[in-house]
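Colleague: Sharing a structure below in structure tokens format, with a few things to ask.
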Amino acid sequence: MANILEPFGIRIDADNSFVQAAVTGFLLVGIASFAAPLISTIRVLLSLFVLPGKSLTTFGPRGTWALITGASDGIGKEFALSLAAKGYNLILVSRTQSKLDSLSADITSKYGPKIAVKTLAMDFALNKDADYNNMKKLIEGLDVSILINNVGLSHSIPVPFTETPKQEMTDIIMINCMATLRVTQLVTPGMVSRKRGLVLTMASFGGFFPTPLLATYSGSKAFLQQWSTALASELEPHGVYVQCVQSHLVTTAMSKIRKTSALVPNPKQFVDATLSKIGRSGGAQGVAFTSTPYWSHGLMHWFLSRFLGERSETVVKVNRGMHENIRRRALRKAERDAKKQ
């Protein structure tokens, strides 16, 4: 039996072909075990820091429309400002009309008639057919080439599932899950008919890494991950690219974090990373149609997934401890505030 490792300067002196094959096999497994993490490290670094994403014009030329849910604050607002700067007309959907009007006025003041803006105020928690019918009428005849599924809701504070208020639980499911499905089902048929389009759904580490005391929110984001990946496979043959965008903390009203850091970007930093890495997996190595585009989030996602496992006991315990601590601090603050009144 030929020694297949001789070209690499490794010679196995064994008359028995079985022994030679076994030793060769063990050596190859050892080499592969060493090479796999090295290759994975190179891939994640290239994806996060070197390789560009797909151009937005791949999915629709400037002058077509982008529909953004949860558009009046935080990440959604930043998507609106960024896409307007790139030449896309906007359909802004959120709960509060006054905030939508203010954002629309800011964009119109900056870009004038070059960027058209339409708004729709609706409360996704109510799941009203009339609201979705209004959305359908609003987008009728428009070339909506980009959909940003951004609207979302978390718990007011970390809470055990058995103590979660029924209304909070229902609102999370309606906003995070049902609203995303219904909006996407309204918008994507037009993309399919035009054979191009982009759907970005904002997910969360809570959907990848089980998060005790945010169980309903964590489950809703896990649902979005599975749904988005399945939808992406369905729509890919029709020229529509669907990507689930993973993130850790961002300075938004939902996170209640105001100060940025290496691990916590502001909305502009996060949106810039997202739009510059479309089609790149970032830290979500090996997860189809998914990206963790912000550099520190990507490195964190990759490290935890590769070396600990998304659903490992260690990750779940650490998550539980962190959110138990957040809950204690939130309850103490509520007590102090109550005494002041």
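The backbone N, Cα and C atoms fix where each Cβ goes, and this holds for glycine too.
Sharing the features that Swiss-Prot gives for it:
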type	residues	note
ACT_SITE	TYR217	active site, proton donor
ACT_SITE	LYS221	active site, lowers pKa of active site Tyr
BINDING	LEU67, ASP123, ASP131, ASN150, TYR217, LYS221, VAL250, THR252	NADP(+) binding site
TRANSMEM	22-42	transmembrane segment
Colleague: Out of ASN150, THR252, which has the highest number of nearby Cβ atoms, where nearby means within 10 Å of its Cβ, if these are the binding-site residues?
Modeller: ASN150
Colleague: Sort out the sequence-distant neighbours of the residue listed as 'active site, lowers pKa of active site Tyr' for me: same chain, 6+ apart, CB within less than 8 Å of its CB, listed by position.
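Modeller: The residue listed as 'active site, lowers pKa of active site Tyr' has long-range Cβ partners ASN176, ALA203, SER204, GLY206, GLY207, PHE208.
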Colleague: Looking only at C-alpha atoms, tell me how far THR252 (NADP(+) binding site) is from the residue listed as 'active site, proton donor', rounded to the nearest Å.
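Modeller: If we compare the Cα positions of THR252 (NADP(+) binding site) and the residue listed as 'active site, proton donor', the gap is 16 Å.
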Colleague: Might you list, by sequence position, any residue in that chain lying six or more from ASP123 (NADP(+) binding site) with a Cβ less than 8 Å away from its Cβ?
Modeller: ARG95, ASP131
Colleague: Do you know offhand how many angstrom separate ASN150 (NADP(+) binding site) and the residue listed as 'active site, proton donor' by C-alpha?
Modeller: 14
Colleague: Taking only the Cα atoms, work out how far TYR217 (active site, proton donor) lies from VAL250 (NADP(+) binding site), in Å, as a whole number.
Modeller: 16
Colleague: Among LEU67, ASP123, ASP131, ASN150, TYR217, LYS221, VAL250, THR252, the annotated NADP(+) contacts, find the widest CA pair distance and round it to a whole Å.
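Modeller: About 29 Å separates the two most distant Cα atoms.
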Colleague: Looking only at Cβ atoms, how many others are within 10 Å of the one on TYR217 (active site, proton donor)?
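Modeller: Other Cβ atoms found within 10 Å: 26.
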Colleague: Neighbour count, 10 Å Cβ-Cβ cut-off, for LEU67 (NADP(+) binding site): what number do you get?
Modeller: 27
Colleague: Per DSSP, to which secondary structure element type does LEU67 (NADP(+) binding site) belong, with helix, strand and coil as the options?
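Modeller: The three-state answer is strand.
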